[in-house]
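Colleague: Dropping a structure here in structure tokens format, bear with me for questions.
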């Protein structure tokens, strides 16, 4: 019996994410029968004593038909108009469907700003805690009506992974229009289902197919990113078909032997990341960057040491003490992120200097080891300039979130 599947079945707090294509008709509108079937499975899990949070796509899809749109619009303004109409319809449908089981739902609309700003993040934690304490089922979606390109999550898979850590979930279940992860495109012959993924290295030879849906944004690539984000934080993940929601959400039963047999299970890392460092790695936006020499990179990444001024060769951005900054290697690759202990205005006084050479008030670490997380960027960013005090034009490391970064080993 898989330990991962056993943990998912026994989880006391579960986040479930469902995509637009699993809730809509072929024409793109909401499908009441499919939504009710999903809610039946969710309600059964709640009845078994589980605290459940639902991250649901579908607001834009629900707004297509009322606006006379045949498919998901590409421009942000029309998407937001559809979301404005559809979010109300989606919320009403969920409220009515859960009411059949005597359950109350609470609508939670989030933007990227709600997780990249630490104060907002902690407030969201408190809100979820209260809702679950009252026995309410939070129904979460990105606030597509007001989200801008700069603060959008991009898809609800990423949002679900962030919410899973935010609420302290014991499991994340990703429900989709595919039955599991496969070795290749499941629409092609020869592709085999993968029942369990031990870690990211097991995905090296997996070919990821793109989404074929006209009503959603999250393909298999985004689901894998979400799964690895959650498992890296110690949360087991199950990827399964929404049609098999009841089987995916089974509980152990009286003898403790029942586990979900459907989908692909992703094993969690052995240690759960603290909320503070998880936020730093996956959610926070950086206010600038520090460029390190090779010795400083080795100290920070390999030996988990604090960053000292002597190892810094340049910086970008306007940041204050306590802000998040990216740490770049000599090649411009992001190797870590951290909370900086100096203001940008102090950098000319400390860069490249040994601690003993600094004024007494500036002799502390630039970034303490307890305030660092290692990451590996998918691409280099434009290098920091020695002595520079302003941001360098170009891609800002970390702005794209988990899609642009992967955790180091």
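Glycine too: its Cβ is placed from the backbone N, Cα and C atoms.
These figures come from a predicted structure and were not determined experimentally.
Quick paste from TrEMBL:
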- 17, 176, 177, 217, 218, 219, 220, 221, 222, 223: ATP binding site (BINDING)
- 57, 144, 156: substrate binding site (BINDING)
- 288-367: domain 'PUA' (DOMAIN)
- 375-403: compositional bias 'Low complexity' (COMPBIAS)
- 375-409: region 'Disordered' (REGION)
Colleague: If you measure from the C-alpha of residue 57 (substrate binding site), which of the binding-site residues 17, 177, 220, 222 fall inside 10 Å?
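Modeller: Close binding-site residues: 17.
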Colleague: Within 10 Å of the Cβ of residue 222 (ATP binding site), how many other Cβ atoms can be counted across all chains shown?
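Modeller: Counting Cβ neighbours of residue 222 (ATP binding site) within 10 Å gives 24.
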Colleague: Give me the CA-CA distance between residue 177 (ATP binding site) and residue 156 (substrate binding site), in Å, as a whole number.
Modeller: 14
Colleague: DSSP-wise, what's the residue breakdown of the domain 'PUA' (288-367) into helix, strand and coil?
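Modeller: Split into helix, strand and coil, the domain 'PUA' (288-367) gives 25 helix, 24 strand, 31 coil.
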Colleague: Could you please provide the mean pLDDT value for the domain 'PUA' (288-367)?
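Modeller: The answer is 93, the mean pLDDT of the model over that range.
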Colleague: In DSSP terms, helix, strand or coil for residue 57 (substrate binding site)?
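Modeller: It is coil.
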Colleague: Whole-number answer please: how many Å between the C-alpha atoms of residue 17 (ATP binding site) and residue 156 (substrate binding site)?
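Modeller: Computed Cα spacing between residue 17 (ATP binding site) and residue 156 (substrate binding site) is 8 Å.
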Colleague: Rounded to the nearest angstrom, how far is the Cα of residue 222 (ATP binding site) from the Cα of residue 156 (substrate binding site)?
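Modeller: Counting only the Cα atoms, the answer is 9 Å.
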Colleague: Name the secondary structure element type, per DSSP in three states, that contains residue 177 (ATP binding site).
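Modeller: Looking at the DSSP assignment, residue 177 (ATP binding site) belongs to neither helix nor strand, so coil.
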Colleague: By a simple count, how many Cβ atoms lie within 10 Å of the Cβ of residue 220 (ATP binding site), its own Cβ left out?
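Modeller: By my count, 21.
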